[in-house]
Every structure is written in structure tokens, then in C-alpha cells.
Amino acid sequence: MADPYHNNIYHQGDGDSYGTYGQGGQDGYGYQTDYPPQEEDAASDATEGHDEEDQIYEGEYQGIPHPDEVKAARRAARAKARTVGDTVSDQEELAEQYEDIMEDCGHGKFQWTLFVVLGLALMADSVECFVVALVLPSAEKDMCLSHAEKGMLGLIVFLGMMFGAFIWGGLADKVGRRKCLIIVLAMNCISAFFSSFAQGYGFFLFFRLFSGIGIGGSVPIVYAYFSEFLQMDKRGEHLSWLCMFWMMGGIYASFTAWGIIPRYGWGFSMGTEFQFHSWRVFILVCALPSIAAFVGLIFMPESPRFLLENAKHDEAWMILKQVHDTNWRAKGEPERVFTVTQIKVPKTQEDEFIEIQSATGTAFQRWVVRTLTLTKLVMKNVLSLFGRDLRLATLLMAIIWFTMAFSFYGLSVWFPDMIKHLQHEEYESKVKVFHREKVEQFHFNFSLENQVHKEGEYINDKFIDIEMKSVKFEDSLFLDCFFENIRSTETTFENCTIRRTVFYDTDLYEEKFIDCTFENVTFLQNKKGCHLDYDEENDVLVYLVSFLGSLAVLPGNIISALFMDKIGRIKIIGGSMLISAGCTFFLFLSFSQAAIIAWQCLFCGVSVAAWNGIQVITVELYPTSKRATAFGVLNAICKLAAILGSSIFASFVGITKVIPILLSFGALVGGGVLALKLPETREKVLL
């Protein structure tokens, strides 16, 4: 039978070959790391006058093993496992080879540079989740949104992210991690720009959907991409540190919203048809992480593990050499030589696209065939997640992702909505009620707020240059009155009789008069555009709750990163979800505004450890050819759960708190128990 791998051998320009990879060694798994002998004249000034025997490892007398000894011990253990255990598959052998190469490349400047670039991409995803919620109080006034339209705008981003995760996760396994990530970041930047200028609700909704489809693909790609540059003992910790950028995205969005949106002067207008208010400036500022990640990614290489999986040995070798040289040069050891000369690469099916490109037909026809072929390959990859080997892991992970997202996003919406509800109840408890008041020839030149006037009579009165906030007139009579330059918020007239009255330059529209009787009433030069019907006192609590909720995950992030590789992914996920379930019961103990904020911070701080563990184990459970696809499918399930959770939990605001608490508790307990059934992956090389 033909060997399913082909070997490529690299030589230096002077004819000396590097060490051989895949030959020799008593364990049947050779990996030559001895450096080629240097000429005497090649010794650097730093080492002049020192013999090799003089170079003593500093930790020798402290009982600390040398890093090279640790590497050798790990390789010997893996070789022993291969010898004693079952027959090693080609995929497993390639995974072992790649792990050894990454150990020799070390962890250093290259990984930290990539860490920052991919972290900015993850930060862009976080910002996208917060943008609509933060701008909605201003945008609803600016674009005259109904309650249904506000609800759709809140869900459309998650809907786009759901499709984006599925689509781009699948494409990243076929087209490449870097290429797909560049495209999704570009989509996010472009849609952010156009949505900030969109004046109509339809266009704004479309561009936010387009933005969600773009940035939704960033999370699956980022984790798959970064994990393939990490060695096994660094993977859990550094993937957890990467999650810190999601927290930073929430802080960035909340802080910039508080600093920009209340500044109404930060905008301009062109007549009455085009308004560019401060909340639109905020949307542009939120695109900065995407722009920064896009620029940084241009200078980053493709994942060599992905290239090897697709039989692109030459490109993979060059990138691995770049990683090796960058790291050791930064550590002050530029003399270290990349000793790998050959890497076994699986023979993959010939790329169907090559044949398509050379076929006859127009460019459009070739593009259609290529797109259909790519779609077929992606769907085939998705279906393979439910094959015999991966079916159980996929089902368990799908349930865990769903239960975690359902509870987390549901409570994330429910907490601030409950705070607003409590504020509204407190506000209504202070309402002033006036019965059968009779006011004649009076000039109202002061604002009216939180008042109810029942069966009143207003005769020959003037209401000029005032604001009416939460004012209701019931069964009242207005006779020979004059209203001028009125701004109103949540103000209505119910069952009123209005005679010989003039409304000049007001925003009192027909919908604010409910079952009223008009006799000789005149409306002149009514204010146009509901952007003028708003309360200038922005509710800073919206920004504060988002800021505190994001900042609260910092301790959980640090703890999970430090212990991810020490106690394992399974204990982190199961423990965090079960403790988070217990935190929800604290809501029964106290239910003030301050208590809700405190419980939200506690819940976010504990649950983030589960999120980190879920994302790490998702990367490690699946082979390279399916890693981004699996992450994309599971992340799409996560966004579906977010849509359901936020919709269901919000519907109980002001009705009952028992059902949301029990739903979140049940989901977290169920997901936490199932998480304990997952296999531990911290000692597993990436297949």
C-alpha cells in the first residue's frame, strides 16, 4: 500500500541539510534537535573565552530540571504511550510531530504579538454585543422606533452572529483561518461605517445584521487560529488569557458610551432629513478594535497546522521557521537553528478548485461552481461532527453551550431590565395627583413632571416654553387655552374636551390624545421628527451596569487562566456552572437595585470561568480539519440560546422573578452535571 504521506526535505543554500524529522531514534519517533556544528570563527563575542563545560544551568543546584530535559521527558512519555497503546494513526503521528516542533519553537514574542492582534478581534466581537443595547435609548428617539422595532433591533445582531459563526467557522477549515478572519473584520468595519450614517430604520437594521454576520465568525476563527500556535502545556492558560479581551470589549463599549452619547454637541445635521447625533459617533468609535485587528492581521501568517492539513508543506515550514527565529531572537539566542527538514504531510484529495479554474466557461460560471463546491465541502464537514467518533462529544458540547448561553444572556438582559422596572415603580410611587383643580388665566412657565390631573378645568390658560414629562390629563376641560413650544415625554390626554385651543410649535401629536373631543382646535407648525421627543437626562445607570458587569469577570478570568492547566477543563466548567447556579438563588434574598447589581457582578465573575473552559475544550476536542467548523456550529447554538434566553427572560420583567431564576438555575445545573461527563483534554495534543 502506498504511504499516505509525502515527505519534503529542505536544504540550506550551502548544501548542508538540517536535521531529519521523522527518522531514527529508539522510540520509533525520531526528531533530531542537535544543532549543526559551528565553525570556530563563527563563535560570537558573547561566548568568547568560555568553554561549553563552563556553561552551567543556573537551576542545577536547586533541583530545577533544565527546560530541554522537560521537553525530552514529555516526548519520551508520549513515545511510550504510542508504543504501549493502540496503533498510532497518521493523524495522531502528525499531531505528535507538530507538538514537538512547537515545543522547539518555544513560546515568546511571536505568540504574544499574535495574542494582541487576535485579542483585538475578540474585543470587536464583545463590543458588537453591547453596541445596540447602549445606543438604543437614543436611537429609538432618533428613528421613531416602536416597541416591536426596538425588540427586533436588539435581536438582529445575535441573529447575524449566529449565521456568521456557522458560515465563517466552516469556511475557515476550507479556505484558511487568516483569510476568513480578515474578511469578517472588514465586513464589521464597513457595516459599522454605513450603519452610523443610516437614517432609516430599515437600512440601519440591515447594516447591523451585516455587521453581525461578519463579526460572528471572529470567535470560532480566533480560538482555532491561536490554539494552533501554542504548545500543549501553554494552551489552556493562554487561551484563557485571550478571553480577557472579551471583558475589555465590554469595558471599552460602556466607557466610550458614557463619554460620547450624552454629548449632544458631538454631531451635525443637514436640514431635517439628515441627523448625525452623538450615538452615531459612538458606533464609529466602536469599530476601532476591528480596524486595529484588521491592520495587525495583515502582518500575521496563516496557521501552519492548517497548511499541513491541506498538504502545503513548503508554506508551513517557512512559517514555523519564522516563529522559531522570532522567538529565539527575542530571547537573545539568535544562534539557535531551526532543525526541522521534513514534516509528514497527509495526502489530501486533490483540490477541486484547481480543475474548476482551468475549465471552460465564463468567470461567473466558474465562480458559481466553485461556490457550490465549497458549500458542499463545508456542509459535509458539518455533518461529520455527528459521525460515530464525534457524535457524543458534539451533543454534550451543544447542550453545555446552549444551557450556559441561555442562562448567561438571559440574565444579562433581565438584570438591567429589572433595575429599570424597579426605578419605574419607585418613580410612579412619587406621582402627584390633582383632583378637580380649576385654573383660570394662568401662565404655566414651569415644567410639569410625574403628575396626574383628573377632572380639571383649564380656562384661558397659557402653556409656553415648558417640558411635560410623565404627565397625564384625564377627563379634563381645556377652554380658550394656548400651547406653545412644548416638549413632552410620556405625556397623554385621555377623555378630555378641548375647545377653542391653539397648539403652536409643539410635539403633541394625535396619538397623545386618547378618546378626546375637539371643538375649534388648531395645530400650527408641529415639531417634526421624534428625535426631538427625548429626555436629555441620560440614564447613566445603563452604562454603569454594563461597565460593572464587564469588570466583574476580571477575577474569574485570572483564576481560570492560572488553574486551567492545573486542575483541568472539566472541573473548571462543571464547578463554575454549579456555583453560578447557586448564585442565582441569592436573588430570592434581596431584591433592591443595589442588590441586583451586586448579584449580577457575582454571577458574571463566577460564570466567566465556565466560558473559558468551554472555549478551551471545544478547541481541543476536535481535529484540525473540523476545529473551526465545530466551534462555529457550537457558537451558533450559543447565539440561538442567547436570542431565546433574552426574549423569554425579558417577558417576565414586572410579572414574576421566580420563573427566570428557576430557568437559569435548572439550565446551569443540567449543563454543569453534563460537563463532568466530558473527557479531560489538558494532556492531549491537538489532532
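Please read every residue number as a count from 1 along the shown chain.
Any Cβ shown, glycine's included, is placed from N, Cα and C.
According to TrEMBL, the feature region 'Disordered' maps to 1-55.
As annotated by TrEMBL, transmembrane segment applies to 112-139 (among others). Remote same-chain residues near the transmembrane segment (112-139) are listed as 145, 150, 153-154, 156-158, 161, 181, 185, 188, 204, 208, 211-212, 215-216, 218-219, 221-222, 225-226, 229, 238, 241-250, 252-254, 257, 261, 277-279, 282-283, 286-287, 289-290, 292-293, 296-297, 300, 534, 538-539, 542-543, 546 (criterion: CB distance under 8 Å, separation of at least six residues from the stretch ends).
TrEMBL lists 114-682 with the feature domain 'Major facilitator superfamily (MFS) profile'.
Marked as transmembrane segment by TrEMBL: 151-168 (among others).
With a cut-off of 8 Å between Cβ atoms, the residues of this chain six or more beyond the transmembrane segment (180-198) that come close are 121, 124, 128, 164, 168, 171-172, 204, 206-208, 210-211, 213-218, 221-222, 225, 276, 280-281, 283-284, 286-287, 290-291, 293-294, 297-298. Taken from TrEMBL, the feature transmembrane segment covers 180-198 (among others).
Per TrEMBL, transmembrane segment is recorded for 204-226 (among others). If one looks beyond the transmembrane segment (204-226) by at least 6 residues along the same chain, the residues whose Cβ comes under 8 Å of a Cβ in the stretch are 114-115, 118, 121-122, 124-125, 128, 132, 139, 143, 152-153, 156-165, 167-169, 171-172, 177-178, 180-181, 183-188, 190-192, 194-195, 198, 238-239, 242, 290, 303, 615, 618-619, 627-628, 631-632, 635-636, 639.
For the transmembrane segment (238-261), the list of distant contacts is 107, 111, 115, 118-120, 122-127, 129-131, 134-135, 138, 222-223, 226-227, 230, 278-279, 281-282, 285-286, 289, 538, 540, 543-544, 546-547, 549-551, 553-554, 557, 560-561, 564, 608, 611-612, 615-616, 619: same-chain residues at least six beyond its ends, Cβ to Cβ under 8 Å. Per TrEMBL, transmembrane segment is recorded for 238-261 (among others).
Summarising the annotation, TrEMBL assigns transmembrane segment to 281-300 (among others).
Cβ atoms under 8 Å from those of the transmembrane segment (392-415) belong to residues 385-386, 545, 549, 573, 577, 580, 584, 596-597, 599-600, 603-604, 607, 610-611, 614, 617-618, 621-622, 630, 633-635, 637-642, 644-646, 648-650, 652-653, 660, 663-664, 667-668, 670-671, 674-675, 677-679 of the same chain, restricted to positions at least 6 beyond its ends. Look at TrEMBL and you will find 392-415 (among others) tagged as transmembrane segment.
Taken from TrEMBL, the feature transmembrane segment applies to 541-563 (among others). Beyond its flanks by at least six residues, the transmembrane segment (541-563) meets 130, 133-134, 137, 237-238, 240-241, 243-244, 247, 249-251, 253-255, 257-258, 412, 415-416, 419, 423, 572, 576, 597, 600-602, 604-609, 612-613 of its own chain at Cβ-Cβ distances under 8 Å.
Within its own chain, the transmembrane segment (570-591) is flanked in space by residues 400, 403-404, 407, 411, 422, 556, 560, 563-564, 599, 602-603, 606-610, 612-614, 617, 657, 661, 664-665, 668-669, 671-673, 675-676, 678-680, which lie at least six positions past its ends and keep a Cβ under 8 Å from the stretch. What TrEMBL lists as transmembrane segment is 570-591 (among others).
The annotation transmembrane segment is assigned in TrEMBL to 597-619 (among others). If one looks beyond the transmembrane segment (597-619) by at least 6 residues along the same chain, the residues whose Cβ comes under 8 Å of a Cβ in the stretch are 223-224, 227, 235-236, 239-240, 243, 247, 397, 400-401, 404, 407-408, 411-412, 415, 419, 545, 548-557, 559-561, 564, 569-570, 572-573, 575-577, 579-580, 583-584, 586-587, 627, 630-631, 634, 672, 675, 678, 681, 686.
Taken from TrEMBL, the feature transmembrane segment applies to 631-652 (among others). Away from its own ends, the transmembrane segment (631-652) comes close to residues 151, 154-155, 158-159, 161-163, 165-170, 172, 216-217, 219-220, 223-224, 382, 385, 394, 397-398, 401-414, 417, 618-619, 622, 659-660, 663-664 of its chain (Cβ-Cβ under 8 Å, at least six residues beyond either end).
Long-range contacts of the transmembrane segment (658-676) within its own chain (CB-CB distance under 8 A, at least 6 residues past either end) are made by residues 396, 399-400, 402-404, 406-407, 410-411, 414, 570, 573-578, 580-581, 584-585, 587-588, 610, 613, 648-649, 652. According to TrEMBL, the transmembrane segment annotation covers 658-676 (among others).
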